[in-house]
Amino acid sequence: MSSTSSGIGLLHLEDMEAGPAKVNDDLDNHLDPGADPSDPFDIAHTKNASPETLKRWRQAALVLNASRRFRYTLDLRKEEEKEQRKRMIRAHAQVIRAALLFKLAGEMQIVSGSPVASPVAAGDYAIGLEQLASMTRDHKLSALQQYGGVKGLSGLLRTNLEIGINGDEADLLKRRNAFGSNTYPRKKGRSFWRFLWEAWQDLTLIILIIAAAVSLGLGIKTEGLNEGWYDGGSIFFAVFLVIVVTATSDYRQSLQFQNLNEEKRNIQLEVMRGGRIVKISIYDVVVGDVVPLKIGDQVPADGILITGHSLGIDESSMTGESKIVHKDQKEPFLMSGCKVADGVGTMLVTGVGINTEWGLLMASISEDTGEETPLQVRLNGVATFIGIVGLAVAVSVLAVLLVRYFTGHTEDPEGNKQFIKGRTKFDDAFNDVVKIFTIAVTIVVVAVPEGLPLAVTLTLAYSMRKMMADKALVRRLSACETMGSATTICSDKTGTLTLNEMTVVEAFVGKKKMDPPADSSQLHLSVVSLLSEGVAQNSTGNVFVPKDGGDVEISGSPTEKAILSWAIKLGMKFDIIRSESTILHVFPFNSEKKRGGVALRQSDSEVHIHWKGAAEIVLASCSGYLDSNGCLQSMNEDKEFFKAAIDEMAANSLRCVALAYRLCEKEKVPTDEETFSGWVLPEDNLVLLAIVGIKDPCRSGVKDAVRICMDAGVKVRMVTGDNIQTAKAIALECGILSSAQDATEPTIIEGRVFRALPEKEREQVAKKITVMGRSSPSDKLLFVQALRKGGDVVAVTGDGTNDAPALHEADIGLSMGIQGTEVAKESSDIIILDDDFASVVKVVRWGRSVYANIQKFIQFQLTVNVAALVINVVAAISSGDVPLNSVQLLWVNLIMDTLGALALATEPPTDNLMHRSPVGRREPLITNIMWRNLLIQALYQVTVLLVLNFSGLTILHLKDDGIRQHAFEVKNTVIFNAFVMCQIFNEFNARRPEELNCFKGVTKNYLFMGIVGFTFILQIIIIEFLGKFTSTVRLDWQLWLVSLGIGVISWPLAMLGKLIPVPETPAAAYFIKPFKRCRRSRDA
């Protein structure tokens, strides 16, 4: 029965992971009615998006360097290859393993520093590696029986099944040398040279390299080697600089992602060593380890079942079949990488690392598949639009310059015509045409914002690294970004809003309230004996009593630890009690049933069945109770007393747990193992032993965190399996409920009531719910679906296996790092490492920061784009020449693209972010505030620089310069220098698009200050020392002051601009509405 209830949830999850089901597609369509089906970039949800949808936007994007642009998106072809490879490995595991071992031996590779022993029985162990691997891999039950079953095998491996291995360093080293370590050779990440190679795949850069080569050849031919190499060589140098800086930035990003991936793989688990439960990394598991298993765990290595109760394993990750396989002594083999779907058990590890099918699988496939985010897709759309405009401008400039040149309207600085039909040499004309073509191509380089979508990856990589320090591990990139749009957070109570440090503070035995709660002198010995038996045997926890008389060590879940600790104070001898009775059958604690039970056979053959669970649910099954004197009393008259006691404890924020038992007639107890597996433990006519109230105090900063969320427009809702009164008390304490008067239905509701509502009514009620008590995982899933249908962007916290469907369904699934099961973590998008709600709020803050940083970068980049394009276009059309040449434009592109992204996309989040409303899914990327700032700066730059272009000789007093060529070079150098200064100073403005003070916190952002300083110093070097390369001349201090002055003016101008009010209706709406109306009428 327990197997079925748990298995359904897991099967449902596997179906969803197999591919986006139609029900999900329908739900997403319902959620996003504003989506434009004709716009390939209009994707609000990339989580579970279909391959066709992802393929559509890739094909629609205007891309100059596909290998770089799509590096951090899902590789659809590789994903399919990966699935095929998985299937092949499942079918041919032995052959592949032999080939891989041969390859590793040939390369002299040592797996994780430990040599693998020869596969013969030798050394300290009576069984060899190959014998073990063969038995486990082929599931040879006959071989296991030949070794004497699991008990005999443990002897061969020198393991004590009761207390595990010694676990000292010498023992662990011997085991690793004999049987290998639990690691596998991983595919190496991309090298720096690979990033260099990808950076120069940009189509425009390749064209520029070809143009530079032609220019170099012609220059050397016409002007000689000493002078002729400058033009072509300078373009070569500029392109090389762009490639190196781009590759360096991308390489650093990839290292950050590699480190984060390593964190994801490093699973922590419990093993039994030396009689105590210890927590270790999955990489430290060795052959011979005894590993306890419970629902939601990942099987860490290949092994043999020692003991198990209702143990169901989901082997779909290895077999590809979504069905639960029940494990017992007839089917004892466990495969690494599978998940525990139901029940409890312990296993003996027999194979690790490369000697398991899971190890082979992991060693043979690449995990670097990438993933796109909604913002990334939208930015590709923006980049495509800007790129098309830029391409059109570049073609126009090319046409105008060529027409002007060949019609004799282009003059050199001395006033001479550059082309005279019949007189100009072919080489000279060809060289001039190459220069014109180079300018046009460079305009495309500047115009197509190739770095815009990549800035998302940059800011996400930075945010993910910083979020690790804030105790949040991002598993799915898009979640980090989507968190900025979250409108509601459905939080668990235990461990998230509370400390998860539980102690029993109240106890009722019979009608007697014990004071203090663990004073056994107030109880009859028979009551203490039954309580001790029920607590010790009906528990997944463990008690270790050191032989040297040290402190008792208790392990298990916080609730288990609290009850075990209470029982020890009552006088429970854990190991003695466990040895006095035999466990016949276990019904593991189930979040649907809210209780767990165990059947025990006493030494006198009497069978006791103990139950433990939610107080009011266990109480409902009780027909009597034992009083403190050990006398059996009828429950009929006193049930109301116990209900009142539970309500009183719950109102004081206590978690109420009841302990009960009953005798079972011997004839009703199954006699064979097969009948045992399907035996349903009797749960009626129970005798109540005790009700305990467990205190779990609220976390210290949770009230402030909830208030911050509320101020930020994010509704916090509590969804808990606890008693509705306990939930209400904690909600009031945390500030989720503002007053007791608010605690009326449907603001506070039980899961069963919500579940019973019709679907339409559920959607309406869901909006009003603040606290849901006694909820099951399926209630949580229904709640999430109802909220999403109502238009909310939902973040959900969860820690149990059955929470997996809700975590998968939510826009952002947040699993708990400490209490969370591996199944819950794998279904989630972000792991909260400290289980603290305050960390969830930090994730919201970082999510908003991602969006804000991208907007800062867009504003900065578009300002540069608009200014550079307008200046060059106007100058080309009017005079046939451009003030900013190819090398200068490439340097501007570097400032704008890579360095600008580094500076602005890595801004830390500000407090101001949490005073805004959540970012809407369809909110325009370029807001009215950004348009205002952008247009003011671009208009100023265009005006000043065009005035300098046309009247610069007069304004800068250069007409008196005897050499006209030099005067033109000085004027163009001032234009270039002033343009770069404008970008440097405007970078400060872009930091705070809405605030008057753009310098707030700037000195704390060392990366920003470093990049601005680096850009400024490099600009000085370019002007003063690299004039031959950039076609610039040295400037005196007065002209440097002029350039700086033009740049500085952008600061007060930005401040004045921020005083101009902007309309609330997005500017894009004025253009999009008529366009959509026109298209609708055309389609009709």
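Any Cβ shown, glycine's included, is placed from N, Cα and C.
Keep in mind the model is a prediction, meaning the values are calculated, not measured.
As annotated by TrEMBL, region 'Disordered' applies to 21-46.
Per TrEMBL, compositional bias 'Basic and acidic residues' is recorded for 23-33.
Within the model, the domain 'Cation-transporting P-type ATPase N-terminal' (149-220) carries an average pLDDT of 83. According to TrEMBL, the feature domain 'Cation-transporting P-type ATPase N-terminal' maps to 149-220.
Here TrEMBL flags 195-220 (among others) as transmembrane segment.
According to TrEMBL, the feature transmembrane segment maps to 232-251 (among others). Remote same-chain residues near the transmembrane segment (232-251) are listed as 68, 71, 190, 192, 195-196, 198-200, 205, 208-209, 211-219, 438, 454, 458, 886-887, 890-891, 893-894, 897-899, 901-902, 1028-1031 (criterion: CB distance under 8 Å, separation of at least six residues from the stretch ends).
According to TrEMBL, the transmembrane segment annotation covers 382-406 (among others).
The transmembrane segment annotation in TrEMBL covers 436-462 (among others).
The feature transmembrane segment is assigned by TrEMBL to 857-877 (among others).
According to TrEMBL, the feature transmembrane segment maps to 938-958 (among others).
What TrEMBL lists as transmembrane segment is 1006-1027 (among others).
What TrEMBL lists as transmembrane segment is 1039-1060 (among others).
Taken residue by residue, the domain 'Cation-transporting P-type ATPase N-terminal' (149-220) breaks down under DSSP into 45 helix, 3 strand, 24 coil. Nonlocal intrachain contacts for the transmembrane segment (857-877), taken as residues 6+ away from its ends with a CB within less than 8 angstroms of a stretch CB, comprise 379, 382, 386, 390, 393, 396-397, 400-401, 404, 439, 443, 446-447, 449, 451-452, 455, 459, 883-884, 889, 892, 895-897, 900-901, 904-905, 925-926, 930, 933-934, 937-938, 941-942, 945-946, 949, 975, 979, 982-983, 986-987, 990, 993. Sequence-remote contacts of a segment are chain residues at least 6 beyond its ends whose Cβ falls under 8 Å from one of its Cβ atoms, and for the transmembrane segment (938-958) they are 862-863, 866-867, 870-871, 874-875, 878-879, 883, 967-968, 970-971, 974-975, 978-979, 982, 1039, 1042, 1046, 1049-1050, 1053. Cβ atoms under 8 Å from those of the transmembrane segment (1006-1027) belong to residues 891, 895, 899, 902-904, 906-907, 973, 977, 980-981, 984, 987-988, 991, 1033-1035 of the same chain, restricted to positions at least 6 beyond its ends.
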